[in-house]
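Below is one structure, written out as structure tokens; the observations come after it.
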Amino acid sequence: MNFEKIFAHNDIWIAEKLSVDKEYFNKLSEGQNPEVLYIGCSDSRVATEELLGAKPGEVFVHRNLANMVISTDFNVQSVITYAIEHLKVKQIIVCGHYYCGGVKEAMEAKDLGLLNPWLRNIRDVYRIHKDELNLIKNSEEKYNRLIELNVEEQCINLIKTAAVQKAIIESNLKVHGWIFDIRSGKLIDMKINFKKILKEIMEIYNLYEGKSLF
Ligand SMILES: [Zn+2]
């Protein structure tokens, strides 16, 4: 990657933006009011704004290895709290993608050093859904299904957090699970039925006794 090109491109980009609106950067500097928090994978092929057709200021973004929502990860938890309590986002998207290297590594039986504790969370998703996954004989189909189930579990992890539960009850926050298919370019809404999934587990995770989340 040519870094000189990056700075040259930056000058062109500034000129382009100002040619359309002289106040473009002044307006950007006034603040942000995104309606959406996007949690996705760090994979370089899954370019968030390009994928969503979003402009600067429209989406609050968090990316990590395999789009994980881990309760002890202060990074993702801080982003979620800031997005909900300060930016007042109305929607949270967890977006996974087929051909995810993080999920692939987690399916291998090997020691990956510092990656072990992170990928353990994906192995846990496998364990939870072992019966379904072990019925799939085709390894690529199994890999794809684990990617989908991982998105579903990360959405559930989101709903286990107090800030998200509070926003669902008080301001009708919505959580969505999506998959980006790198091979076709298609963005797929998994249309996760949270009501059905959470019905059985909310007796454990509901932090607002007496209040129904869905
Ligand atoms: Zn990935």
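Using the three backbone atoms N, Cα and C, a Cβ is placed for every residue, glycine included.
If you check TrEMBL, you get these features:
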type	residues	note
BINDING	Cys41, Asp43, His97, Cys100	Zn(2+) binding site
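Each of Gly40, Ser42, Arg45, Val46, Ala66, Asn67, Gly96, Tyr98, Tyr99, Gly101, Gly102, Val103, Ile147, Phe180, Ile182 belongs to the same chain as Cys41, Asp43, His97, Cys100, is absent from that list, and has a C-beta within 8 angstroms of the C-beta centroid marking the Zn(2+) site.
Remark: Asp43 (Zn(2+) binding site) has His97, Cys100, Gly101 as non-local neighbours, by Cβ distance under 8 Å and separation of at least 6 in sequence.
Neighbour count (other Cβ atoms within 10 Å of the Cβ, all protein chains): 26 for Cys41 (Zn(2+) binding site).
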